[in-house]
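A.B. asks: What follows is a single structure, and I will ask about it in a moment.
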Amino acid sequence: MTTVDSGRNTGLTMLPGKYSGMVVCWILGFGSLVSWNSMLTIGDYYYELFPKYHPSRVLTLVYQPFALATMAVLAFNEARIDTRKRNLTGFTLFFLSTFALLALDLATSGAGGLGNYIGICAIVAAFGVADAFVEGGMVGDLSFMCPEFIQSYLAGLAASGVLTSALRLVTKAALERASNGLRKGVMLFLAISTFFELLCILLYAFVFPKLPIVKYYRTKAAAEGSKTVAADLAVAGIQTEATERADNNAKQLERLSNKQLFFQNFDYFLDLYLIYVLTLSIFPGFLYENTGSHRLGSWYALVLIAVYNMFDLIARYIPLIEKIKLKSRNGLMIATLSRFLFIPCFYFTAKYGDQGWMIMLVSFLGLTNGYLTVCLLTVAPQGYKVSRILPYNCYGFCADFLTVFKFYFLLKENSIITFIFF
């Protein structure tokens, strides 16, 4: 074990591992959503097995309350939760749940019925709990590091949608005419997702904490009073004097209360909530059930999902260009509110438009979702790094609460569009 003076001003340019960290963050982001995106992308398979149960809508309704309840608990207890254990718990639960989904289908030979549907719903509930552990935990973990890490993580989230959509299209094309081809494609699909979840466990447990730049940031967080990074530093072989000094400097390093953090960041919370309440009101349930029949036939919904995911991924790299990155709090709010114009657009396009117009509209939905998400989550923590010394736990709490707002009121995932259309 080596001892590091955590107060030392180490030059970041001298620390290797930044680009390796970006790659690892991208894979961790991919793993954070690949299980859920797998569920969305194989929706056509579940519609064949359970045609009367509206799986795309119902599974989202099951997923959201478990994610919301777990995230709310984690948000209010964030300062006392070990970040390493939290994230590893989430990735492990993702791995076990995805494997369980594969095992359930194999055990039942792809049979339908209410019993199997309830089993799938239970697994989806586990996805919600895992997402609550991982998403807020990873965003909080990366928020106090360099912005490129969190941007790579968010890009990985979007990439999971793109790659799962691409893989689904390939397996559908290759196996559609084979005997039981749809099910075989889904089995291959879930097996690949399970592998990536296992990879995320290994990378986060053994590779990421040992990168020099990650050691530096976590040592700095410990110096600012964070106690949640102790396990990560221990894995990296570092002991710091910061934890011992934290109690003696309690006044200087006093953590803002949850109430203070909430009100200081309320507009960011509201932005993220509004971004996702609109996006998830349309994607995926509306795209599967309310866009009519077109020339693409059974491929139509899959193409719409793939287009959304592709443009969502592209948009998450746009903020890397500083000149077009939106940083103004008022600007973010205006841009977020303007997205609600999508509601009448989707209404009239679904009723009167052709598939080309719907594809174009879905691409803009993905672009605005990805761009605003990255802008918001990379700008939100910055004030705390400049204006005052705050423990890392403040970033973690903000990340958790931002994610709570992403889930909040999505218990009725299609509430806005369903209300208008029906």
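From the backbone N, Cα and C atoms, a Cβ is placed for every residue, glycine too.
What TrEMBL says about a protein is an automatic prediction, not a curated fact.
Not measured: the values here are computed from a predicted model.
In case it helps, TrEMBL gives these features for our protein:
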| type | residues | note |
| --- | --- | --- |
| TRANSMEM | 21-38 | transmembrane segment |
| TRANSMEM | 58-76 | transmembrane segment |
| TRANSMEM | 88-108 | transmembrane segment |
| TRANSMEM | 114-134 | transmembrane segment |
| TRANSMEM | 154-175 | transmembrane segment |
| TRANSMEM | 187-208 | transmembrane segment |
| TRANSMEM | 268-287 | transmembrane segment |
| TRANSMEM | 299-318 | transmembrane segment |
| TRANSMEM | 330-350 | transmembrane segment |
| TRANSMEM | 356-380 | transmembrane segment |
| TRANSMEM | 392-411 | transmembrane segment |
A.B. asks: Do any residues of this chain, six or more beyond the ends of the transmembrane segment (356-380), have a C-beta under 8 angstroms from a C-beta of it, and if so which?
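C.D. replies: Residues 139, 143, 147, 150-151, 154-155, 158, 265, 268, 271-272, 275-276, 279, 282-283, 287, 291, 303-304, 307-316, 318-319, 325-327, 332, 335-336, 339, 342, 345-346, 349-350, 398-399, 402.
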A.B. asks: Between the transmembrane segment (114-134) and the transmembrane segment (58-76), are there three or more C-beta pairs closer than 8 Å, counting only pairs 6 or more apart along the chain?
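C.D. replies: In contact, yes.
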A.B. asks: With a cut-off of 8 Å between Cβ atoms, can you find at least three pairs linking the transmembrane segment (88-108) to the transmembrane segment (330-350)? Only pairs 6 or more residues apart in sequence count.
C.D. replies: no
A.B. asks: Could you give the residue numbers and ranges of same-chain residues that sit at least 6 residues beyond the transmembrane segment (299-318) on either side and whose C-beta is under 8 angstroms from one of its C-beta atoms?
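C.D. replies: Long-range Cβ neighbours of the transmembrane segment (299-318): 37, 40-41, 43-44, 151, 154-155, 157-159, 161-162, 164-166, 168-169, 172, 283-284, 287-288, 291, 293, 324-325, 355, 358-359, 362-371, 373-374.
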